[in-house]
Amino acid sequence: MLDINLFREEKGGNPEIVRESQRRRGASVEIVDEIIKLDKEWRQRQFELEQLRKDFNRINKEVAKLRISGGDASSLIKNTEENKDSTAKKQAEVQEARTALYSKLETVGNLVHDSVPVSNDEADNAVVRTWGERREETNLKNHVELVELLGIADLKKGANVAGGRGYYLKGDGVRLNQALINFGLDFLEKRKYTALQTPFFMRKDIMGKCAQLAQFDEELYKVTGEGDDKYLIATAEQPLCAYHIDDWIHPNELPLRYAGYSSCFRKEAGSHGRDTLGIFRVHQFEKVEQFCLTKPSGNDSWEMHEEMIKNSEEFYQMLKLPYQVVSIVSGALNDAAAKKYDLEAWFPASKTYRELVSCSNCTDYQSRKLEIRCGQKKGNEQAKQYCHLLNSTLTATERTLCCILENYQTEKGVAIPEVLQPFMGGKTFLDFLKKIKK
């Protein structure tokens, strides 16, 4: 959520900055004026409420004086009762006006950083850099075929039990998946990240502070039972985001770096018909996530953003998977992101780059809703500063596994990346269990 003061010119704000950001996103510009109007209405109601409270205090003092002097205060007492009724109604108006304002404010995306390519077409994503030598042979097997040839997942039984996109990892598939998780956690620990295994579900009110409204329909599974409804997490970012809810964090403690590990659950309602085979796009997967908090001052969060994408790059370099890093166009940014990089790894069988990593700087957009503040607790609302929050995939392991299979395949099986071998009991190669059909 944006700072409401950005919309208040009399408070030093500049609504034109918000309008320009909305233009870059291909989103409504008119909403800025709607918010300004709603804000003025809310503040007017607040002013009227304060006047009623002042009147109440004034009348009460007059009643006290009359009682001391023995005068008749009955008419004034009647006025206080009328004032109480008016105040109660005005409080309801204030709350209604505030709800209308913030409901609208929450639909405006974060301010798009000036370095983001402006377009609504993802074909215009800017390639920042590439790494590695791509395999270009013909007749390579794709990850769906390789999973079957190796016997490392049972998709048929998975679909029978869990429905479409269901799967069982099996044998070396389990070991390879766990190897990626353990390698990822070791990798981040060496870079001063604190590991966190997150809850797999969240309360609705907390999830609402971490996820966009559209995600509730397209991504999130609802869990019902005793007590409040809960939602399964779609990414470790969501519970990591809420970890410091309502906290004051001293600047000397920043930056904070977390390595989140979790299973994730997605309905994938918006991707119907895409990648229905294999384990690339599934409803349940494991993830190791980078999540960082920085001071809001200077370029701290932007330097951290570059550090985080470099971490992800180094991870895939150690796996020896060719990739490109792209800067995502303004029209494809989610609401929270001011800027986002994707790391897309090379899948040689389909001869295309596919996204394995998303790395976003969300500045103070999420921390405002979550009240994650920087500094010492202050009574002055205007003096509050909010931490900047950043997130980046390190590995969504089933996707990374698919990429490894395609890049490390041979005629007889699949080689295991050298950095994963210590986590595989020293195993270096997976043999095909089925013969390749010529």
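Quick reminder: no glycine exception, Cβ is built from N, Cα and C everywhere.
Per Swiss-Prot, L-serine binding site is recorded for T235, A236, E237, E289, T393. Taken from Swiss-Prot, the feature ATP binding site applies to R266, K267, E268, V282, E355, L356, V357, S358, supported by similarity to another entry.
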| said: Most Cβ neighbours within 10 Å: which of the binding-site residues R266, K267 is it? | reply: R266
| field | Cα proximity to R266 (ATP binding site), best match among binding-site residues T235, A236, E237, E289, T393 | value | T235
| request: Count the Cβ atoms, other than its own, that fall within 10 Å of the Cβ of E355 (ATP binding site), considering every protein chain shown. | output: 14
| message | Just to verify a number: CA distance, S358 (ATP binding site) to T235 (L-serine binding site), in angstrom, no decimals. | response | 11
| task | For each of the binding-site residues (A236, L356, V357), count the other CB atoms lying within 10 A of its CB, then report the residue with the highest count. | result | A236
| T235, A236, E237, E289, T393 excluded, remaining Cβ within 8 Å of their centroid (L-serine) | Q238, L240, G260, S262, C264, K287, Q290, F291, N391, S392
| request: Determine, to the nearest whole angstrom, how far the Cα atom of V282 (ATP binding site) is from the Cα atom of E289 (L-serine binding site). | output: 18
| request: Can you check which residues sit near E268 (ATP binding site), meaning Cβ under 8 Å from its Cβ, same chain, 6 or more apart in sequence, and list them in order? | output: R165, E218, E219, R281, H283
| remark: The answer, for which of the binding-site residues E237, E289 has its Cβ ringed by the most other Cβ atoms inside 10 Å, is E237
| field | Neighbour tally for V282 (ATP binding site), based on other Cβ positions within 10 Å of its Cβ | value | 23
| query | If you measure every Cα to Cα distance among T235, A236, E237, E289, T393, the residues said to bind L-serine, what is the biggest one in Å? | reply | 9
| note | So T235 (L-serine binding site), by the Cβ count within 10 Å over all chains shown, scores 25
| note | Span of R266, K267, E268, V282, E355, L356, V357, S358 as binders of ATP, largest Cα separation rounded to whole Å, comes out at 19
| message | These are the binding-site residues: S358, T393. Which one scores highest on other Cβ atoms within 10 Å? | response | T393
| said: DSSP secondary structure for E268 (ATP binding site), reduced to helix/strand/coil, please. | reply: coil
